[in-house]
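S.K.: A single structure is presented below for examination.
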Amino acid sequence: MADRIRAVLRWETALVVLLVAVAVVGSVRTDGTFLSGGNLFYLGLDIAEIALIALPLTLVIAAAEIDLSVASVLGLSSALIGWLWTAGWPLETILPVVVLVGAACGALNGLLVTRLGLPSLAVTIGTMALFRGLALVVLGDTAVADFPASYTQFGTTPVPGTNLPYPILLFAVLAVVFAVLLHASSFGRAVFAVGANEEAARFSGVRVKRTKLVLFVLTGAVAALAGIVYTFRFSSARADNGTGLELAVVAAVLLGGVSIFGGRGTLGGVVAGVLLLGSLRNLLILDDVSTEVLTVVTGLLLLVSVLVPAVGRRLGRRVDNSRLGRRVDNSRLGRRAGRRAATSAAGPP
Amino acid sequence: MSGLTVESDVDQASAGQRPARRGAAARRLVDRVGRVRELGILVALVVVVAVTAVANPAFVSPQSLRDLLLNASIIALLAVGQTLVVVTRNVDLSVGSVLGLAAFLTAQTFAANPGLPLLPGLLLGVLIGLACGALNGLVVAAGQVPSLVVTLGTLYVFRGLDFTLARGRQVNAADLPDALLSLGSGRLLGIPNLVLITLVVIAAGALYLRAYRSGRELYAIGSNPDAAVLAGIPVGRRVFVAFTVSGAVAGLAGALWMARYGTVDAAAGTGLELQVVSAVVVGGVVISGGSGTVAGAALGALLLGTITSCLVVLRIPAFWQQAITGALLLAAITVDRLVALRLAAALRRSSRAGRRDEGG
C-alpha cells in the first residue's frame, strides 16, 4: 500500500497532473485556441532547442555532472553554419561537420573533467565563454540569412498531414533513443551508478571516465544539432544565437525531477518538464501576460521542483521514524541491557 | 585539498612527536602554495599590463590605471560575497539579479524622494540584497536543497520581479541626486570612491575569513560538510549567513552600480553571475569548497577586467575577448589542479618517509 502511494506521489505524476491542469485552464481561458493545432505547432517550435538539449543533459546530470556550455555550442554551430555557407560549402557537408565540431566541443569538456579530474561546473563555465568566444571569432557580429528555402522550411512548416513541427519529430525520435539508452541499457545503468556513487561504480567494474566522456560528447553533438535547428528556424546564423539558453535547459531538466546530485531521474519526467515549461510559456503569452511574469514562474517552478521532494523526503523520514520508533527503542534498551550484563560478568577486578 | 589535511592529521595521530614537526612542514608547504597562487595572479597581472604598456605607454598613465581598478571594482565586490559562499561548497548564481533588483529599486527611491540623504538610500540597496540573500540562504540551509538549483531559480525570480516592478521604465541620471552621482564618479586622494569602498569590503571579508572562528568554520564546512556537522559546527546557520552576506554585498554593488552609471533599467547586471564565478575561480577559490581567499578572488576579478581592457588597447578584435577569457579560466583551473596533484604526491612522500623513520 505504502509503495503504491509512493508510486502515485512521484514527481513525474505531479508533472503530468500539472500539465493536464495547464491544458484545461489554457483551453478554457483561450476558448480552445490553446489546444488548437496551429497553436500546438508554435508551442512545439518554441521549445524545440530546449527540448533537444534537455535529453542528453538529463544523462549528464543523472551522472552527477553538469554542462553549462550547451548554449555556447549551439551558438558556435550556428556561427559555423553561417561561415561555411558564406565560404561556399554545400549544406550537405556543413551539417555533419557542425555536428562533429559539437561532439569535439563535448569531448574537450569530457576530457578536462575525466582526465584532469576537474569539476564540470568550473570547466563548462570556462568552455561556455570559450565556445561563445570562438563563435564570435568565426562570424563576428554579422548575420547570415540567405539559406535555401528547402532547408528553412523545416522550421516554418509542419510535417505534412500533421501539426507536428519537424524539430519536434526529431525530438520525439531522440527522446525514444535516449529513453532506451538511459532506462533499458547497461550504459544507462552505468550512468545511474556513476551518479549515485562514483567510487562504488568504479569498484563494480563500471568504466566511470569512459561513461562520462561519452555523455559529454553526446551532449555536444546534440547541442550542435539544436544549433542547426535554431539557425534554420529563424533562418539566421548568428554567433549570439541561444545566449542564456543553458539556464533554461538546466531548469527544464531539474523541473523534470532529475536530482542535481545524480543517480536519480527519468527521461519521461524530463519530457513532461519540458512540455510543462513550454505550455506555461505559451499559455502566458496567449493570455497576454508579460514575459517577466513568465521568468518569475520559471524560477518558482524550479524552486518548487527541489523543495517538494526535499520536504517529502523529510516527512517520509519522520513517518518511517515514528513507525520504527518502538523497534529502535527496544533495540536500544536491549543493547543497554546487554552491556550491563557484559560489565557485570566481567565484574570488578 | 580536504583529503590532504585529513590524511596528514591521521598520520599525526598514528605516530608520535616527530610527525608534529612533519605536519608543520606540510602545512608550511600548503601555505606557501596558497601564497604562490595569489602571487601567480599578480605576476600574470603585471605581465599583461607590461606587455600592453609596451604597445601603448598611455596604458600605465594614472588615469588609465584608475579606470582599470574602477571597472573591476563591482565584479571584485561581488567576488568577495561569492567567495564566502563558494568556500562552503555552495554557489550563488543569483548575484546578477540581486544587483539589478537592488540597483533599480534604490534608483527609483532616490528619484521619487529627491530629498533623501545618501546613506539611508545606499543602505536600502544593501537591505534589499540582504533580504534576497537571506531567502537564498533560508531555502538552501533549511530545505537542504542544492544551492545551484535554488540560486538558479531565484536568478529568474529576482530578475522577473525586477522587470515586473520596472515595467519598462528606466531611471536616468537627471533623476538622481548629485551627491550620489559624485559618489560614483568622485575620488579621494586620487583613488576612485568605488575602489575605496571595494577595498574596505575586501579587507573586512579577508579579516572575517582569516581571523574569526565562524569564518574559519566556513572552510571546514566546505572541506567536509559531514565532518563539520560532527565537529559541532552549526552548518545550516553558517551557510545561511554566507548567502545573506553575499546578497547584502550584491545589494551594495547594485547601489554603487547605480551611483556609477546613473542610468538604471531592469536589465542592469544581467549575466554578471558567470563573470563573478569566473573571477572567483581564476582567483584560486576552489569551486568544490574549502579553499581560497577573498583577496585572490578580487585579484581574479581585476585580472579578468584588465585583460578585457588590454585587448581593446592592443586593438585585438573585441570578438576574441570572450574566447580568451574562457581559455584563461580553463588554464587557471588546470594549473591549480596540476599543482594540487603535485602537492598531494609530495605530502604522501613526506609522510611515507616519516613513517619509515618511525619504524627505524
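Every residue, even glycine, has its Cβ placed from backbone N, Cα and C.
Just so you know, TrEMBL annotations are computer predictions that nobody has curated.
Take a look at what TrEMBL says about it:
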type	residues	note
TRANSMEM	B:39-61	transmembrane segment
TRANSMEM	B:68-87	transmembrane segment
TRANSMEM	B:118-142	transmembrane segment
TRANSMEM	B:188-209	transmembrane segment
TRANSMEM	B:239-260	transmembrane segment
TRANSMEM	B:266-287	transmembrane segment
TRANSMEM	B:294-317	transmembrane segment
TRANSMEM	B:323-345	transmembrane segment
S.K.: When you look at the transmembrane segment (B:323-345) alongside the transmembrane segment (B:266-287), do they share 3+ Cβ pairs under 8 Å, ignoring any pair fewer than 6 residues apart in sequence?
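M.R.: Yes, the stretches contact each other.
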S.K.: Answer with yes or no whether the transmembrane segment (B:239-260) touches the transmembrane segment (B:68-87) by the criterion of at least three Cβ pairs under 8 A, sequence separation 6 or more.
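M.R.: Yes, these stretches are in contact.
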S.K.: Out of B:39-61, B:118-142, B:188-209, B:294-317, which stretch touches the transmembrane segment (B:323-345) the most, going by CB pairs under 8 Å?
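M.R.: It is B:294-317 that shares the most Cβ pairs under 8 Å with the transmembrane segment (B:323-345).
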S.K.: Which one of these stretches, B:188-209, B:239-260, B:294-317, has the most C-beta pairs shorter than 8 Å to the transmembrane segment (B:118-142)?
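M.R.: So the stretch in question is B:239-260.
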S.K.: Per the definition of 3+ C-beta pairs under 8 A with sequence separation of 6 or more, do the transmembrane segment (B:39-61) and the transmembrane segment (B:294-317) touch?
M.R.: yes
S.K.: Can you tell me which parts of the same chain pack against the transmembrane segment (B:188-209), counting only residues 6+ beyond its ends and a CB-CB cutoff under 8 A?
M.R.: 62, 66, 69-70, 73-74, 76-77, 80-81, 83-84, 87, 215-216, 218-219, 249, 252, 256, 259-260, 293-295, 298
S.K.: Do any residues, 6 or more residues outside the transmembrane segment (B:239-260), come within under 8 Å Cβ-to-Cβ of it, and if so which ones?
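M.R.: Distant Cβ neighbours of the transmembrane segment (B:239-260) are 70, 73-74, 77-78, 80-82, 84-85, 87-88, 90, 92, 94-95, 98-104, 106-107, 110, 121-122, 124-138, 140-142, 147, 171, 176, 180-181, 183-185, 194, 197, 201, 214, 218, 221, 268-269.
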S.K.: Near the transmembrane segment (B:294-317), which same-chain residues lie under 8 Å Cβ to Cβ, leaving out any that are not at least 6 residues past its ends?
M.R.: 37-38, 41-42, 44-45, 48-49, 51-52, 55-56, 59, 67-69, 71-72, 75-76, 78-80, 82-84, 198, 202, 205-206, 209, 275-276, 278-285, 324-325, 328, 332
